[in-house]
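Trainee: Have a look at this one before I ask anything.
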Amino acid sequence: LECEICTAPGLECNSWTKTCDANQDTCVTFQTEVIKAPVSFTFISKSCGTSDTCALNYVQTSPHNKLTHKSQRTCCTGEECKTLPPPVLEHKVNQPDGLQCPGCFGLSTKDCTEHLVSCRGPENQCLSITGKEFGFIFRALSYKGCATESLCSLFEKRFWNVLEDVEVDFKCTPALPKSSQ
């Protein structure tokens with residue numbers, strides 16, 4: 001299987017073609033929006049992937065009350081990829097859903113200072129990630145925040161194994177109502 005590979009701001013990217021690894025059986029296109037109210041940043045990404053994650057086409061997470069990351073994706077193979085329109089994200093602001101989680105984000109560290117985050121829209125899980133050895137990008141990562149069940153399922157399927165030598169520990173627990181914390 002060959003797939004286009006690229007990442008760029010906006011809705012289109014200039015890609016090159018890559019032969020996927022043996023365990024990768026689909027091409028994936030992500031449309032991602034990072035919202036730091038009132039500003040939002042959109043980018044597109046194309047890569048090889050595994051078809052067992054295709055049903056998890058919408059994921060969302062918030063590590064901070066003013067920061068939300070959401071991503072819509074489509075999967076395709078062969079000629080279908082040439083005609084399939086890119087995934088479309090709804091540009092709506094999800095309102096708080098009455099749940100909350102600890103939230104924080106730290107690069108180059110496995111610890112970060114937590115604060116409570118109000119979950120939004122479909123986010124009903126608390127996600128905690130620690131990772132190390134992200135190649136040349138950074139040595140460590142610590143992340144906590146609200147997340148959709150679909151994002152937790154993606155982590156359960158170890159979707160990051162397309163990255164070389166990445167060690168990631170993650171845990172998802174149900175988000176709690178605001179009054180109970």
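Backbone N, Cα and C define each Cβ position, glycine as well.
Swiss-Prot lists C3-C27, C6-C13, C20-C48, C54-C75, C76-C81, C101-C126, C119-C146, C152-C172 with the feature disulfide bond.
Where in this structure would I find these features, and how exposed are they?
Mentor: C27 (disulfide bond) is surrounded by 24 other CB atoms, counting those within 10 A of its CB over all protein chains shown. Reduced to three states, the DSSP call for C27 (disulfide bond) is strand.
Cβ contacts within 10 Å of C6 (disulfide bond), excluding its own Cβ and spanning all protein chains shown: 14. For the recorded site, C6 (disulfide bond), the DSSP three-state label reads strand.
In the structure as shown, the Cβ atom of C20 (disulfide bond) sits within 10 Å of 19 other Cβ atoms.
When secondary structure is read from DSSP and collapsed to three states, C54 (disulfide bond) falls in the coil class.
Its own atom aside, the Cβ of C81 (disulfide bond) has 18 Cβ atoms within 10 angstroms in the protein chains shown.
DSSP gives C101 (disulfide bond) a strand state.
Around C119 (disulfide bond), the same-chain residues six or more apart in sequence whose CB sits under 8 Å from its CB are S62, P96, D97, G98, L99, Q100, C101, C146, A175, listed in sequence order.
The Cβ neighbour count for C172 (disulfide bond), using a 10 Å radius and every protein chain shown, is 20.
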Trainee: Measuring Cα to Cα, how many angstrom lie between C3 (disulfide bond) and C48 (disulfide bond)?
Mentor: 6
Trainee: When you measure from the Cβ of C13 (disulfide bond), which residues in the chain that are at least 6 apart have a Cβ under 8 Å away?
Mentor: C6, T7, I44, S45, K46
Trainee: When the Cα-Cα distance from C76 (disulfide bond) is computed for each of the disulfide-bonded residues C20, C27, C54, C126, C172, which gives the smallest value?
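Mentor: Considering only the listed disulfide-bonded residues, the nearest one is C27.
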